[in-house]
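In what follows, a single structure is set out as structure tokens and then discussed.
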Amino acid sequence: MDLKGICLLFVILAVALISSTEGKPPSKCQCKIAARERRNCGPPGISAADCRRAGCCFNASVPGVPWCFTAKPKKVKKVCPADPRIRVNCGYPGITAKECISRRCCFRAHPAGVPWCFYHRTVEEGC
């Protein structure tokens, strides 16, 4: 592949990356990356606002490394919601705890009037 082809491929990939993450700025946790581990995420001279709009992290405090860099993936975990009012039913009336757990759902046999077998919620973990 010649130089023009490589440049065109780079532009296409950059546009695809920007459009797929646009409007989703990373959290502070996602941007806590050692300077030596940063992977470039924008063209030279990109502004902080354009970098963040592209879904990347921006930090210009360390010279000689990318200032606009790829964010770490979000860390998420599944939790059983504590608030019974937000439970989403995962079972049926009379389901046993064993049957519920085999469906990979949460089971709490209280309080009355809410699902006892219910789906996990996905939450972002802290830093």
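Note that Cβ sites are derived from N, Cα and C of the backbone, with glycine treated the same way.
Annotated features in TrEMBL:
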type	residues	note
SIGNAL	1-23	signal peptide
DOMAIN	27-72	domain 'P-type'
DISULFID	Cys41-Cys56	disulfide bond
DISULFID	Cys51-Cys68	disulfide bond
DOMAIN	78-121	domain 'P-type'
DISULFID	Cys80-Cys106	disulfide bond
DISULFID	Cys90-Cys105	disulfide bond
DISULFID	Cys100-Cys117	disulfide bond
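Structure with TrEMBL features highlighted.
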| residue | record | Cβ contacts under 8 Å, 6 or more apart |
| --- | --- | --- |
| Cys51 | disulfide bond | Cys41, Gly42, Cys57, Phe58, Trp67, Cys68 |
| Cys80 | disulfide bond | Cys106, Arg108, Phe118, His120, Arg121 |
| Cys90 | disulfide bond | Cys100, Arg103, Cys105, Cys106, Pro115, Cys117, Phe118, Tyr119 |
Surrounding residues of the domain 'P-type' (78-121) on its own chain - C-beta under 8 Å, 6+ positions past either end: none
Greatest C-beta neighbour count within 10 angstroms, which of the disulfide-bonded residues Cys56, Cys100, Cys117: Cys56
Other CB atoms, at most 10 A from the CB of Cys106 (disulfide bond): 22
